[in-house]
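Some notes on the structure that comes next.
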2 protein chains.
Amino acid sequence: MGEFELIRRYFFPIAEAGNTSAVLLGPGDDCAIQRVEPGRDLVFSVDTLVEGVHFPRDYDPEKLGWRSLAVAASDLAAMGADPVCFTLALTLPDADPDWLHAYAAGLASAAAQFGLSLAGGDTTRGPLTLSLQVHGTVPQGQALQRSGARAGDYVCVSGTLGEAGAALKFLGSQNPGPDEQSVLDRYHYPASRLSLGAALRGCASATVDISDGLVADLGHILEASGVAASIDIAKLPLSATLNRLVGEEAVNLAMNAGDDYELCITISPKAWEGLPEEIRSQLTIIGEVTSGEGLAITHEGQSLAPAAGGYDHFRT
Amino acid sequence: MGEFELIRRYFFPIAEAGNTSAVLLGPGDDCAIQRVEPGRDLVFSVDTLVEGVHFPRDYDPEKLGWRSLAVAASDLAAMGADPVCFTLALTLPDADPDWLHAYAAGLASAAAQFGLSLAGGDTTRGPLTLSLQVHGTVPQGQALQRSGARAGDYVCVSGTLGEAGAALKFLGSQNPGPDEQSVLDRYHYPASRLSLGAALRGCASATVDISDGLVADLGHILEASGVAASIDIAKLPLSATLNRLVGEEAVNLAMNAGDDYELCITISPKAWEGLPEEIRSQLTIIGEVTSGEGLAITHEGQSLAPAAGGYDHFRT
């Protein structure tokens, strides 16, 4: 079976995964066609993963399939967008049928989970590189952005932090125990907080997804909004698993490790009070937005002096 | 200056190149936002170029900037779409300021020429690879597709064919003559037939852009439409330049060489008669659609027997 037939067989079924009524023409022509409903806007983002840079060499292709779509979908979550479809630009050293089959299987699982149908793509020969562009929609004017944080807002994060970062220690582990397996799953199969993001439209003042670490990504909100913030490390949501696995290093990982793909949001106290309990239970208040610039770190209210050059003592 | 600053300085101005009123949020947040006017649909396509596969190693970055956007925009032309914006996923071995500056200059020229504004992207470290996704719009239901060719339609191509293919012989030429420079420019700076494609909406029955060669790309129309065709090599539009440079090889190049980025279309005789002379003058009738399957090649009406395995005697 030729490369084109392999791709048709393994990938074209993923065109049925998501909001298929919005994709008027899927893979196979010069372009795909998407209908954006009246009163909504298109929201889109592209993410590239390179072998040896963003994932290890000889990484399990099924996990890569999930992960490559999840990290892109996470940007839709950060905008509060409802998922629609995606394109896949796949550069491969060779057309290994086993690899393609496993990659497509992981991709199909994620596509079904996130509600994203494959709309088109390009397959080329070269060093293993994946660029996925995800498309969603939002009611006009309601996209969440990085620039809306205001002094007095709470700083919140979803889920728990640091586990994907801890997983990097165990990637080569032959016989991971239950705790190790738990954090490895966080790394291999990141969730995308799509339904949480959509629920925060009209409520959160600013959002970002945590791909590069809390300090770095919250920093993007502060810069875009022209504000400062203070967060208390005693309030960071750390799982019991993470504390058992890495002990005191948990705070460092939660602050600075990437790959968690949780959301960091800012929200006014009034909007917070108005959130349904079901949404609040997915979020933890870890600090507040202040005027000025920069990020202050406290521990149970006591200032921690940043090391010279920033918060390097928190860096992993 | 850091990598992020370089990108901000060189690339963000390209966000102003095209239909900026349709791009509500450009580069710098988790996603970009595009408004699709009521009554229109989004049309999009992604193309990847890999160093050493789709362009030579150490290829001039300014030319690469133009070329990378032109080949993607050509897919919009083939759908009859009006251009809006694009994303750039740029994987680079290092952040060489001279390279980035020259690449962005070529990209900016093409973006201004084609009316495509930069809406977002991703920059990563790795082997030089570029994935560009272009966005356009069409009035609902009016996108040109590959599947509409019917027996009795004319087969037409735009412009002249084979020159980009001939250019491959002269890529390393230190002192190209005027003819050589002319075909080199066709390779380095392909046009995208955007205005022609838009003018053919509601007129052409099927369209494709010629990226892989006339025989291969017309084959996509025939397969998608479930029809056959006959083309006459005596009718192929060959430039005097090409004839001077390569003599009898011109027909082979026009049939099988890629990189021309002209349009191949099918159109009913009645629709052809209705086309404005200004549009007809950009097209040459080279054959007709027939029932059945496959592509027959004639020379002034006489059948040419295809070689075993297809039209291999036409392959370059």
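Every residue gets a Cβ built from N, Cα and C, even glycine.
Copied over from TrEMBL, here are the features:
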BINDING   B:Asp30, B:Asp75, B:Asp209  Mg(2+) 3 binding site
BINDING   B:Asp30, B:Ser45, B:Asp75  Mg(2+) 4 binding site
BINDING   B:Asp47, B:Asp122  Mg(2+) 1 binding site
BINDING   B:Asp47, B:Asp75  Mg(2+) 2 binding site
BINDING   B:His54, B:Asp259, B:Tyr311  substrate binding site
BINDING   B:Gly121, B:Asp122, B:Arg146, B:Ser211  ATP binding site
BINDING   B:Asp212  Mg(2+) 5 binding site
DOMAIN    B:28-138  domain 'PurM-like N-terminal'
DOMAIN    B:150-298  domain 'PurM-like C-terminal'
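Here the features listed in TrEMBL are placed on the structure.
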| residue | record | Cβ within 10 Å |
| --- | --- | --- |
| B:Asp30 | Mg(2+) 3 binding site | 26 |
| B:Ser45 | Mg(2+) 4 binding site | 28 |
| B:Asp47 | Mg(2+) 1 binding site | 23 |
| B:His54 | substrate binding site | 20 |
| B:Gly121 | ATP binding site | 24 |
| B:Asp122 | Mg(2+) 1 binding site | 20 |
| B:Arg146 | ATP binding site | 23 |
| B:Asp209 | Mg(2+) 3 binding site | 27 |
| B:Ser211 | ATP binding site | 20 |
| B:Asp212 | Mg(2+) 5 binding site | 16 |
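Summarised by DSSP class, the composition of the domain 'PurM-like N-terminal' (B:28-138) is 37 helix, 47 strand, 27 coil. Counting other Cβ atoms within 10 Å of each Cβ, the lowest count among the binding-site residues B:Asp75, B:Asp259 belongs to B:Asp259.
Recorded residues B:Asp259 (substrate binding site) and B:Asp75 (Mg(2+) 3 binding site) have their alpha carbons 13 Å apart, per Cα-Cα distance. For the domain 'PurM-like C-terminal' (B:150-298), residue counts in helix, strand and coil come to 65 helix, 32 strand, 52 coil, using DSSP. A gap of 10 Å separates the Cα atoms of B:Asp209 (Mg(2+) 3 binding site) and B:Arg146 (ATP binding site). Using a CB-CB cutoff of under 8 Å against chain A, the binding-site residues that qualify from B:His54, B:Asp75, B:Ser211, B:Asp212, B:Asp259 are B:His54, B:Asp75. Of B:Ser45, B:His54, B:Ser211, all annotated as binding-site residues, the residue with the shortest Cα distance to B:Asp122 (Mg(2+) 1 binding site) is B:Ser45. Rounded to a whole number, the C-alpha distance linking B:Ser45 (Mg(2+) 4 binding site) with B:Asp75 (Mg(2+) 3 binding site) is 7 angstrom.
Geometry remark: B:Asp30 (Mg(2+) 3 binding site) versus the residue listed as 'Mg(2+) 5 binding site', CA distance 35 Å. B:Gly121 (ATP binding site) and B:Asp47 (Mg(2+) 1 binding site) have their C-alpha atoms 14 Å apart, to the nearest angstrom. Considering only the residues assigned to ATP binding, B:Gly121, B:Asp122, B:Arg146, B:Ser211, the longest pairwise Cα distance works out to 31 Å. Each residue in the domain 'PurM-like C-terminal' (B:150-298) has a pLDDT score, and their mean in this model is 96. Comparing B:Asp75 (Mg(2+) 3 binding site) with B:His54 (substrate binding site), their Cα atoms are 17 Å apart once rounded.
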